[in-house]
Structure formats: structure tokens, C-alpha cells
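Chemist: Dumping what Swiss-Prot says about this protein:
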BINDING   Asp49, Ala62, Arg121, Asp323, Ala336  FAD binding site
ACT_SITE  Arg199  active site
Amino acid sequence: MTMHVEVGPDSTAPPHSSGIKVIIIGLGIGGLAAAIECHRKGHSVIAFDKAQELKPVGDGIALAHNAVRVIEKWGKGTVGQELGRLSSRLNTTVIYDQTGRFIAEDKLDGFKAGEGHLLPRGELSQVMYKHAKSLGIDMRLASEVDEYWEDENSAGVIVDGEKITADCVVACDGVNSKARRHIIGYEPELRSSGSCVFRGWMTTEEPLVGSHWLLSHTDQADQVKVFAGDGVHVLLSTIQHGKMVFWLCTHKDNDCYDRKKEAPPTPEVDGMIHLIRDWPMRGQIESTIRKTLAKNVMHYPLLIREALSNWRSKGGRMVIIGDAAHPFLPVSGQGAAQAIEDAAVLAITLHLAGKEEVPLALHALEKIRLPRTALLQRSSLELERFWLNIDWPEVEKCPELLTIPRPKWIHGHDCQTHAYTEFAKVVSAIQMREEYHPLGGPRDSTNGESLLALLRQDT
């Protein structure tokens, strides 16, 4: 009996109907999304993570509309509804200078209710993990991969001495990926972006004395406030109607990465306060972040890699996605979203190519996804540098320069419809060994046009 399987961006397939077995390494946001999306398209999934358990910890994470439109299809909409209950209720980000003078309002397009989410990172991963378990996906924790291998017909891993065989291996093990070298054959250079970041979070179960300026009116909407100075900017945000406060401070530091090789930066609030010691707004900001427990403070260099030219192994049956392939700076607000886009497109290209053409599916995934992520990587670095080298006379003329560009080609992107639309064109380009020109996105940069200008293209 032939099983009819609907094909389209909203379609699902019966479990295990494709005959394709996928091994997923890493159960962060990207890995969980890959497991769920592959299951939805009828692929058999076995996933591994070295963690003993997936703990519901972490600070805030932004999930933009281009990712939420994927998640909203899970569990007949129930997963999206649950995230909506956990998410902040955002209206605007208010931007000030270091004296507290109002500069501009950012309308947060793509993150408002019904569009995107700002929520605790740990709770997002827990909701995704719970949904994956409800689907019966085989997920194995406390599992360390010892070896990666592939041949003409299969690929797999050796985990704790056991050889696991599949049609392909998908590594989603983060920016410090151990799989990456085995898959693409080398370890790309990691270098400093020229800046470091302090991050911290706290709950408001105990009253935060001196924080009324941030917590007032959170019964109506959560608050996001940004303070911009010379070489330093600070963001404070409430989450879940003021139940949690998340903050970060990004600052110039060209030597932070080199010092980290000798000793990690000290993750102390004092270090962050020192950066704003001369700010008129210091007292107000300090009154809130002083409540952060030491265990909830991080301080680390913001590292970058040049966009990779290839995500696949030589044999074509192993691939890296998410932060393992394209780490983003926090200012982009797209790290999680791009990992989820990768996951959705992976499941679709495998579905369309079929079991006999798995290497072609992974090649098509790379062709569709790599140009978009490479452009976003480069533009996020330019955006970060703009914020740390603010041209105040220009901002005086146009305060909107300090708002974060959120063009339709990023936040309005439907990665699933795009994959179905482009798949045949991509396959033809691969088979004919021709250059593939992606549909959609910004115009190519010409006449010295900056990447930041491309970000402001609302196409």
C-alpha cells in the first residue's frame, strides 16, 4: 500500500515514513528544533547530548517572528501558546544616553505579542524538550560522542563504545562545537570582536529595593531600557510582567580574548559598575544590578568567526548547523531564530530529496541557508561596532540610528515556504555546477553600501 504524504510548508508526515534516519548531536535550541522538525517530516531521529540533564537555567533569550512562525505549527499550536504564556509583554525599548536623556524609542517590530518572544532561556528549552519527548523522539543524555564516521551509504557516531548508524549526522553542539573539526575538516579561526559582555539575571521574588524606576507598570507591559555611552552600552529588561530582570553590558575591550586564554574574566558586578563609574545614571542602574547573585553573572569576550564557506563533510552525509556553523553576536537577536530556520530547512530538504539523495539534501540545505546566515553574521558585527562607536552628532540629527533595524527580509522571512519554493532551483544549480542566486533578501551591496545599510532595507 502506498502512503500519500502531503508536501508543503505546513505539511507533516507519519512518523518514520521517509525511511531516513537522522543522528542529531546537541540538544540546545537548534538541536531540539532539528529533532522536532525532522520528526514532523517523517524522519527517524536519535539525538545525543553530553549533559546529564537539561536544566531550566539561564538569562533572557529573544525569539524573533521568523522563528516563532515555525514553532507555532508544533503540537497544533499548543507549543506556541505555552511560550506566549511565558513570554514578556513588550511594547517598546526606550533608549537613553548615559545622563538619562531620552534619545529614541524602538518599536520592537517582530517581538511584540503575537510576533515574537523574550523569555527565560531555560524555560524555552524545557518547553521544546517536553514537546520532543511527547513525540516519542529518542533523546539520550549523558552521552559523549567518541568518533564520527561516514561511508558512501551511511554516516554515524560511536557513543560510549556503541556504533550508531544513520543516513546522516547533524551537529548542533554550539559555538564551541567538538563535531565541527571532524565534519568540515578544520577548526576555523576564532577571534575577538573587540568587545566583551557582562550578563546577569535575577528574579523579583524578593523586592528589589531601588528598582521602582524599572519595575513600575510591569503589570501592564514589560520594560526594556537601554543606556548608551562611549564604548559601553547597558540594557535592562523585565520578563514575565516583572517576575525576572535580565541585564547586559557590552563594552569595548580589544584584549579580553587574549586575557581569557590565561584566566577567565572575573564575572563580578563590580567590574560592570566600574565601566559606568562616571555616568550620571550609575546610581540608578547600580541599585538594580547589585541584587544579582554572583552565580547568575557572566563576563566573556564576544568572539567571531568569518562566515564559513562549507558546512558539510567530504562524504556529504554530515553537516553542522546553528551556532556550530554561524555564531551571532547578541545585538543581532537572531542566534536562536537562525538555528531554528536551519532545523526547519534541514527537515524539508531531506523530505524532498528522499533517502537515496541524502547528500544532495544536505548540499541544498547549505546552499539555501549559508548566504543568509553569512550576511547576518557580518551585519551583526557592523551593528555592534556602530553601537560601541556612536557618532553622537549624527545621532542628534537622526535619533532613529540607535534603533535596531528589523527589516522584513529578516523578521518576515518564511523559511519553510522559501525552502519549498527554492529547492528545485537549488538542486538544478548543484547538478549543473552553476552559481545559485537566492530569492528574496536585501539587494546586493553596491557603491560602497555598508552592511548596516543592508540591514535597513525593508524588503
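Backbone N, Cα and C define each Cβ position, glycine as well.
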Chemist: Distance between Arg121 (FAD binding site) and Arg199 (active site) at the Cα atoms, whole Å?
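Modeler: Here the two Cα atoms are 13 Å apart.
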Chemist: Can you check which residues sit near the residue listed as 'active site', meaning Cβ under 8 Å from its Cβ, same chain, 6 or more apart in sequence, and list them in order?
Modeler: Asp59, Phe246, Trp247, Leu248, Val297, Met298, His299
Chemist: Give the maximum pairwise CA distance in Å, whole number, for the residues Asp49, Ala62, Arg121, Asp323, Ala336 listed as binding FAD.
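Modeler: Greatest Cα-Cα span of the listed binding residues: 23 Å.
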Chemist: Test of understanding: give the count of other CB atoms lying within 10 angstroms of the CB of Ala336 (FAD binding site).
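Modeler: 24, counting other Cβ atoms within 10 Å of Ala336 (FAD binding site).
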